[in-house]
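J.: Mind looking over this structure? Questions follow.
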Amino acid sequence: MSAQLLRHAVPRSTAARFALRTMSSSASAVAYPRPHLIPKSGTYPAGWVAGGLASGVKKDGLKDLTLVASPNHPITASAVFTQNSFAAAPVQVSKAIVKEAATVRALIVNSGCANACTGEQGTKDAWRMSREVDAALGGGGERGAASSTRPKTLVMSTGVIGQHLDMDKIVAGITQLTQNVGPAHDNWLSAAEGIMTTDTFPKLRSTVFEGDYRMAGWSKGAGMIHPNMATMLSAVFTDASITKPCLDAATRYAADRSFNAISIDGDTSTNDTFAVLANAATEGAAVIDDLESDAHRLFRDRLTQFAAELAKLIVRDGEGATKFVEIHVKGAKTFADARQVSSTIATSPLVKTALYGQDANWGRVVCAVGYSGVPVTPEKVNLHLSTPAIDEPLHLFKNGAPFDTDEEKAARILEHEDLKLEIGLGEGSEEATMYTTDLTHGYITINADYRS
């Protein structure tokens, strides 16, 4: 898999967040505040091409249009979408394509404008984006007009809500982009850059699984991050051969344990989409077509591992964040109970501000467990605080009462960026993990200035 994730805090004021971020026509020439998290090379799945460019939708001239396609291999697609009632036009379009089309053509993404809450015109624009890519790739019908053939390119958008797309710029960008995609690392990095909004670095990963098949993927997100479902934009591309029922099951499983396991601010976006696309370009590979097979379980677990890494990158880039926090709840009666408790802790402003202030106020964590809505027996609850930089965790709360309240050790632990809260409920054997951040002054500054 990828290199180790960064473990050093970075100043996160609005100015500091973008101070090192410069762009050019060459992906390798870009400088970002967190270069440790950006891969310098990669091994990408066969048959895929990618790219990104600046179409002019963004006022700052940064890249704002991304395309990933498989020109010579049909694509099996699965996706999980936001449950927000104001689901954006591209969500509605992509949901229809995934449901109705046996295979898809490509994935097009624009940033800078979410095309959300934009009425009938927004829906028309999203369908047009899909149709324009189909036509530009060849065999997709007439450009710029309604076609009897249903478009088959998935669409994602991200950015400001309530604004219409500048379709003249989008269409011109699609024409240029379809002629400038490629399979190289720089092409994939450029694609990851094209989906960014308040992100401070492109989130890209690729891997080979024991020579069986490859995966590549990108994600974007830094704020408005919370389940339910994927709380951002992300797509994973593979050259594995897998049927749609098997891909659907693996995607749902992976989403619940990755993008549904992160929270930064408790706000679920209108545009959240997590898509997995497979083009079966691995030569001689057996088809994964049995939900009960070892091959399917292995693919599911690999996809989950890969998606979780992309999800963690979003948390590490959380707006204003100085802490990366893992909340592990174990000993629950059900997975749903464990997830509910971990989510409640992850969204508690009191817990998050205590972590920012490096205050070992365990009472806030225990309180969140108590109001989570999951029945617990207080005398069975335990809480540990730890960091990978220090071997021995601090057992703050044991069997319903204070235990090791070593303030000096707690202070040493809380100085680090990577923190872990482990909560034992003592009710069963199920467990779940959420990943979150602290809540800082920087978050307020970034979001107060977002549209200005």
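Each Cβ is built from the backbone N, Cα and C atoms, and glycine gets one as well.
Straight out of TrEMBL:
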- Thr197, Lys220, Thr231, Glu319, Asn447, Ser452: substrate binding site (BINDING)
- Thr231: active site, nucleophile (ACT_SITE)
J.: State the count of C-beta atoms found within 10 angstroms of the C-beta of Thr197 (substrate binding site), not counting that atom itself.
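T.: Counting Cβ neighbours of Thr197 (substrate binding site) within 10 Å gives 21.
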J.: Far apart in sequence but close in space: which same-chain residues, 6 or more away, have a Cβ under 8 Å from Lys220 (substrate binding site)?
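T.: Counting only residues 6 or more apart in sequence, the Cβ neighbours of Lys220 (substrate binding site) under 8 Å are Ser111, Thr158, Ala192, Ile195, Met196, Thr197, Asp199, Lys203, Met232, Leu233, Ser234, Ile314.
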J.: What is the total of other Cβ atoms whose distance to the Cβ of Glu319 (substrate binding site) is within 10 Å?
T.: 27
